[in-house]
Structure formats: C-alpha cells, structure tokens
C-alpha cells in the first residue's frame, strides 16, 4: 500500500519530516512535565531525607524489579518491530508489536497487584492507619501515586497505539514499510520506558535500608 499524502503537504518527504518534528516536540514537552515532578520529588526528599527513606522501604522492590525487567524486554521487542519493518518482514513486525503489547499489559497487571497491596497496607496519604509515623512520609507516597499513576496512564495510551498499529500492520492498512509511523510509536514507547528507568531508583532503591 503506498503511503497516503495528506494536506497541507506537497510531498511525502515533507510529510515525514513533519511527523518526526511533531513527535520530538511532544516528547520534549513530556520530558519537561515529568522533569518537574522529578524536581519536586528531589526538593522534598532533600527536606525530609529520613522520612522518604523509611517510606521507600515500604514499596515492593520485587514487583518493581519485575516491572523494570518487563519494560526493558519490551524496549527490545519494540526495537525488533522497527527493524523488521525496515526489512519488510510484515509477520515479524506484527509479532514483535504483539509481544510489546503483551509485556506492557503484564506491566500494568503487576502494577495493579502492587497497588492493591499498597492499599491493603494503608500506604495511601491521609489514611488514618498510614504505617510510617514521620513528617514527610506521606509526601513520598503522594509522589509515588502521582508519578506511577501518570506513567501508567501514558503506558495505557501507548498500548492502545501499539495495539492499533499491530492490527493495521497485520491487515496491511498502513504503509508500514514506507512511513515513519513505526519509528514514531517506538519513540513514544521509549519515552515510557525511560520515565520508568528514572522512577524505579527514586521510588524503590535510593536510600533503601
């Protein structure tokens, strides 16, 4: 299927350039957004170091590590999808996208289990039975819920895009060998992975006893 040319572009090359510029602008805005959250976390961690360290000890390192492994593998399968697309291997492209989708869904499933455990242990800011009796500990979990929740939302959006792309490639509904679509999807997914690479040490490792 030839790549469709859309208005207001005069040729495919300019359309592809616009696609690339658009995703990079979007990624930059997302980096600034999450960067603000990381900065806020750093400020409060500096103010309440002992409380943050004790609160961090309540997070589930095993589940966090499992999710880190899942995302790292998903980065590899996404890279495989891009490579297969460039090589013209439609079935391999589809399979790699589906594998990425499954790994992402597994991540959200594990995170759901972890959230349920957190709620069971009253690790929710404002809960009367919050287990860490230190000023600033609830602030740690405010950042924990906000940052992991926003990351999960971005993941869910990414998985929707990956699922649609896998279906479109399998049905040959998009010019998957000619367009920058796969590259754009991969860039977004890499952003999701990169954010987690920062979240994992901040919320599970740094200062853990």
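Every residue, even glycine, has its Cβ placed from backbone N, Cα and C.
Feature annotations, courtesy of TrEMBL:
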type	residues	note
DOMAIN	1-208	domain 'Heme-copper oxidase subunit III family profile'
TRANSMEM	21-44	transmembrane segment
TRANSMEM	64-85	transmembrane segment
TRANSMEM	92-110	transmembrane segment
TRANSMEM	143-166	transmembrane segment
TRANSMEM	187-206	transmembrane segment
Original post:
List, by number or range, the same-chain residues at least 6 past the transmembrane segment (21-44) whose CB is under 8 A from its CB atoms?
Top reply: 52, 136, 139-140, 143, 146-147, 150, 154, 184, 187-188, 191, 195, 198, 202
Original post:
Hey, which bits of the same chain come close to the transmembrane segment (187-206), Cβ under 8 Å, at least six residues off its ends?
Top reply: 23-24, 26-27, 30-31, 34, 38, 41, 56, 59, 61, 64-65, 67-68, 71-72, 74-75, 78, 100, 143-144, 147-148, 151, 154-155, 158, 161-162
Original post:
Do any residues of this chain, six or more beyond the ends of the transmembrane segment (64-85), have a C-beta under 8 angstroms from a C-beta of it, and if so which?
Top reply: 92-93, 96-97, 99-100, 103-104, 106-107, 110-111, 114, 169, 176-177, 182-183, 185-186, 189-190, 192-193, 196-197, 200, 203-204
